[in-house]
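The block underneath contains the structure these notes are about, expressed in structure tokens.
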């Protein structure tokens, strides 16, 4: 009886030593998770730092000579990188993801998502321009006609330049969002790799690819006239997306698809198609025309544009994607 009472006393004691076991098990499971997934997530942290460093290298182009000469050539090179990334990387990924759904339809779903992404960005830009024009119209009625005429005569070049800079800044920030969305899928591609040799191959390909894109995107942001703090913030957002894709991409796809692989492939196809359309619009309407419309060195600019396409095409040839 004494033994039973002693045992019952130990079990009924609310301050028993067995209660903190649950937090300890959680900590142990987290440590084991990191131990068995370090080979998978370590490349994500390395890519984060490489993306940030390559992004910040573009801030050295704020000098007058670099802005007028060197940055224009590098921007054309970046335009070629963006164009090739859109047509050789994003679009095939969207089409391939839709093919994995096994849906029997002749309707081009992935291509329609590309058009939808382009129209979405065009609609957003037109809304911004419409609101800006209405704001200018309202403010114009509050001034005297003589003052407004003086401003139109004397200040029109400045206002045109500032308007172009604002449009360029909006386009550059949209480009950051699009590339960040693409980085989510790239982080997801690393997270789902289990084979060590394939992981090294994917990591090397993404390292070269993201460093070139990060530097080109940094040049674009510097040319748009954004402040250094905004460039640094954009670089952080762009760099951290690959971590978000690696750690949270699997859970997000499972949530959207409800555990169905076909639905997950469909969601991935639509999202990548929208990203591709947004990418295509910003590249062809913002980056490339902005540089080629400037006078001088037109053939050299085209050569840098072609070189950017060749670099991405070379990456795709040397490091082909394997299922």
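Each Cβ is built from the backbone N, Cα and C atoms, and glycine gets one as well.
Because the structure is a prediction, the values reported are computed rather than measured.
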Subject >> Where TrEMBL places transmembrane segment among the ranges 107-124, 125-142 >> reply: 107-124
**OP:** Among 73-95, 262-282, 302-319, point out the range having the most Cβ pairs under 8 angstroms from the transmembrane segment (107-124).
**Re:** 262-282
